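Let me begin by presenting the structure, written as structure tokens, before commenting on it.
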Amino acid sequence: MHEYRTHDCGALRAADAGITARLSGWVNVKRDHGGLLFIDLRDHYGITQCVFPAGSPVFAAAEALRAESVITVTGRVVKRDADTVNPRLPTGEIELVAETVEVQSTADVLPIQVAGEAQFPEELRLRYRFLDLRREKLHRNIMLRANVIAWLRREMTARGFTEFTTPILTASSPEGARDFLVPSRVHPGQFYALPQAPQQFKQLLMVAGFDRYFQIAPCFRDEASRADRAPGEFYQLDFEMSFVTQEDVFATIEPVLGGLFREFGGGRGVTQWPFPRIAYDEALLKYGSDKPDLRNPLLITDVTEAFRDSGFGLFAKIVAGGGVVRAIPAPGTGGNPRSFFDKLNDWARSEGAGGLGYIIFAPDGAKGPIAKNLEPARAEAIREATGASVGDAVFFAAGKPLEAAKFAGTVRTKLGTDLGLIDGAKFEFCWIVDFPMYERDEETGQIVFSHNPFSMPQGGLEALNGQDPLTIKAFQYDIVCNGVELSSGAIRNHRPDIMLRAFEIAGYGAEEVEARFGGMLNAFRYGAPPHGGSAPGVDRMVMLLADEPNLREVIAFPLNQQGQDLLMGAPAPVPAARLKELSLAIALPPAPKKG
């Protein structure tokens, strides 16, 4: 018999009754029923109930065990009585009557309980992550992540992609976030950067003649934490393809993503591919976001003209100043009590808005603060434009075009959630396309890249030379699921002349471009294929599949929201001798003044 186990703790069934088995695992729960002591023994695979009869040689040893001690139990498998069968466990028809028990490792008093559903502060969970990972839900999430990654590897390989690894120590690049820098000991005063993405390397692989690349790529960005963004590092399904159009990229990855969510989505509905394509401008207009949640049926309507020169002075003034007014319908809320509308007004103020105006379409006409000062014909035009019916209400967002669009999107999400309109049993995918190539920096007034600087502009060099930069669209796209951006991607700018001109418009001289991107730019001078790709976030996909509120619930050892590893104690000071070896000196910011 094996020293530690003949079976795992999830393997034994009624058909095994009568055999002698040996199990090893952790003491999950211990229950004393007078003449019998029960221990639920847990390992990676499941739980088996072990029975220790009073008076037996093993009873005293079992009685002294603390939860989470590691033991090996040898005994006879017996069927449970019908009234003691546990249908919640795959092993629930049997139990192991212990004959010997060996303690492999004892556990101290636990700082957090592993068994049960008790909640603990996240700081405590992260400090004792090795215990937290034993808990059923988190353990299941991490296994889901592992299975998702294995599935993605198989799918990409089956579709002709080759897995490559790209450098972790590389040069800094403007990916939109701060780099993590690594000082060079051999080259004092110079630094490597951890890659924000394998962007340049995967493009260089296409230039090198490899047709289809992928990897489960680690990416490093020194940016603040959000529910859907982990500080420090994250992983993405990074892929690139040669000789492809935008539609080729979509057609290749849609069945991978759709198939993944069908495989691991627990029976929830998944958008049938091809996924909808929504232009960026249309997304901002209809959904108030470039990552719309299509499970929400509410659509935003532009009603600017209904308020131009109208009797409602506040909105008329905004429109006269170049602003816009967007309307968000709220079906069936016209009869709601005043408190419903007051609470939404309070919420809007908490979001930084002045309030949330509305019109109620009652059987005897339009009602509410706005309707009192708005001509009836204009109110009726709003009702028709929004598709509202009698008994509905319509809410409004007004201001500068982008501000009004985004706040209308926030209102749409709030109403969809509060009114129970969002179907939690679906995964709704879409592509956002036709992103602007450039935007104006509000602080400096300069033209800057709006997203990825390596995207091919629609219209190529002719567009760069002949169009207002703010009107140029890029062959750039995002894949969105349930309001979560899974990835950005693009057809790449593979021509040096187009790239240099694109960077020139954004304020980069040729010398600076050569200095920062000379490796890739030089490679393009020796024959580069048209190519494109994307990089769906693994962490975000698993978060959606596991129905978790934040990424830390699907990462084995995440940093906390302040970018700290509480378990390993990172970041941490380093000895002065090490700093000297690296030719570094620390200049700390001044301590904040007290009082």
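Every residue, even glycine, has its Cβ placed from backbone N, Cα and C.
Taken from Swiss-Prot, the feature L-aspartate binding site applies to Glu175, Arg221, His451, Arg492, supported by sequence analysis. The Cβ of His451 (L-aspartate binding site) has 20 neighbouring Cβ atoms from other residues within 10 Å, across all protein chains displayed.
Annotation source Swiss-Prot lists ATP binding site at Arg221, Asp222, Glu223, Glu485, Gly537, Val538, Asp539, Arg540, citing sequence analysis. A C-beta separation below 8 Å, combined with a sequence spacing of at least six in one chain, links Glu485 (ATP binding site) to Asp228, Asp290, Lys291, Asp478, Ile479, Arg540.
The average pLDDT computed for the region 'Aspartate' (199-202) is 93. Taken from Swiss-Prot, the feature region 'Aspartate' covers 199-202.
The local packing around His33 (site 'Important for tRNA non-discrimination'), expressed as other Cβ atoms within 10 Å of its Cβ over all shown chains, amounts to 9. Feature annotation from Swiss-Prot assigns site 'Important for tRNA non-discrimination' to His33.
Within 10 Å of the C-beta atom of Arg221 (L-aspartate binding site) sit 21 other C-beta atoms, taking all shown protein chains into account. In space, Gly537 is the closest of the recorded positions His33, Gly537, Asp539 to His451 (L-aspartate binding site), judged by Cα positions.
Ranking the binding-site residues Arg492, Arg540 by how many Cβ atoms sit within 10 Å of each one's Cβ puts Arg492 at the top. Comparing the Cα of His33 (site 'Important for tRNA non-discrimination') with the Cα of every entry in Arg221, Asp222, Glu223, Arg492, Asp539, these being the binding-site residues, the smallest distance points to Asp539.
Around Gly537 (ATP binding site), the same-chain residues at least 6 positions away in sequence with a Cβ under 8 Å from its Cβ are Phe234, Tyr235, Gln236, Leu237, Leu486, Ser487.
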